[in-house]
């Protein structure tokens, strides 16, 4: 079958022909319809330090997808051939303490689809049926293909009560922008997002951010004054992994403020812990999506009118995958969809 693979320990992704995956007793075989390019895929493409330590070569990559079930393992219940599904890209062990306690997103033995095992940039994908999510009919394929990163946004944004709160989001990548849309949809008062990329800040404005701030041109303190904020932000969502952005967030938080961190900073990051302590800040690390509460919330948010369509800015056939990767690497895109239809 046709697949996109990391074939060489250098910059690039290559179209290859690989054997179709084998179906296990508890698995689903999914015919892929659409996939989306993730920031992780760009790290793998660029063959950065993380990729060199993590990705076995060769490896079929990709983990954001929607497809149709075409075969079912003999032990599987609850799915049928023809079901339209997306799926959780974190394969968990099922036997560690967190898995047994129902906190599967915190499994210490997690294996990543398209990272540690063959991924979704292929004509067919096999995953455990446990990881599949059956999609409502009114969730279109393009949105279903980005449920993985949308789930990161939902998990992060809904970590804290948002109704009537003022929210600061640092990092206007696609996940940060979707988080801004979620915050507004569920009732936040002001949602301010910061970045240095004007293209993506404009996307954030289209998605409902109260203010999208280029921190090279504008001070957050001035924006807060314009919005009539006198006590700081109630909730912070750190999506950038940039130390200076996190420092600024800590400075601008209200006493008792709550911060959820999804962005991955450098290996070490110095912060003023005195401010954290004396402000009584709560900081929570976010990894992946809660299985499967986040997935049900994603579907419900879309069904209740949340419009994510502006975040999808580029669409290509899989044969033109290089154009898709070029668009993502340029920084002048939102989400990029690759279609696998003939």
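Cβ from N, Cα, C; glycine included.
Listed in Swiss-Prot for this protein:
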- 40: active site, charge relay system (ACT_SITE)
- 43: active site, charge relay system (ACT_SITE)
- 38, 63, 64: Zn(2+) 1 binding site (BINDING)
- 93, 96, 99, 107: Zn(2+) 2 binding site (BINDING)
- 175, 195, 200, 262, 263, 264, 286, 287: NAD(+) binding site (BINDING)
Note to self: Spatially, which candidate from the recorded positions 38, 40, 43, 64, 96 is nearest to residue 200 (NAD(+) binding site), comparing Cα atoms?
What the structure shows: 38
Checklist line | In three-state DSSP terms, the structure that residue 286 (NAD(+) binding site) belongs to | finding: coil
Checklist line | Which of 64, 195, the listed binding-site residues, has fewest other Cβ atoms within 10 Å | finding: 195
Next item on the list: Starting from residue 264 (NAD(+) binding site), work out which of the binding-site residues listed here (38, 63, 64, 93, 96) have their Cα within 10 Å, and give them in sequence order.
Entry: none
Check: Can you tell me the three-state DSSP label for residue 175 (NAD(+) binding site)?
Finding: helix
Note to self: Please give me the CB contact count at 10 A for residue 63 (Zn(2+) 1 binding site), counting all chains in the structure.
What the structure shows: 25
Item checked: 93, 96, 99, 107 excluded, remaining Cβ within 8 Å of their centroid (Zn(2+) 2) -> 92, 94, 95, 97, 98, 100, 104, 108, 109, 110
Next item on the list: Compute the centroid of the Cβ atoms of 38, 63, 64, then list the same-chain residues not in that set whose Cβ lies within 8 Å of it, in sequence order, for the Zn(2+) 1 site.
Entry: 35, 36, 37, 40, 41, 62, 65, 89, 114, 119, 120, 148, 149
Checklist line | Cα separation, residue 287 (NAD(+) binding site) to residue 96 (Zn(2+) 2 binding site) (Å, whole number) | finding: 17
Check: Rounded to a whole angstrom, what is the largest C-alpha distance between any two of the residues 175, 195, 200, 262, 263, 264, 286, 287 that the record assigns to NAD(+)?
Finding: 23
Next item on the list: Could you check the recorded positions 40, 263 and say which one's CB has the fewest neighbouring CB atoms inside 10 Å?
Entry: 263
Next item on the list: Determine, using Cα-Cα distances only, which of these binding-site residues is closest to residue 263 (NAD(+) binding site): 38, 93, 99.
Entry: 38
Item checked: Spatial neighbour of residue 107 (Zn(2+) 2 binding site) that is closest, considering only the binding-site residues 38, 262, 287 and their CA atoms -> 287
Check: If you measure residue 63 (Zn(2+) 1 binding site) to residue 287 (NAD(+) binding site) at Cα, how many Å is it?
Finding: 15
Margin query: For the C-alpha pair, I'd like the distance in angstrom between residue 287 (NAD(+) binding site) and residue 93 (Zn(2+) 2 binding site), rounded off.
Written below: 16
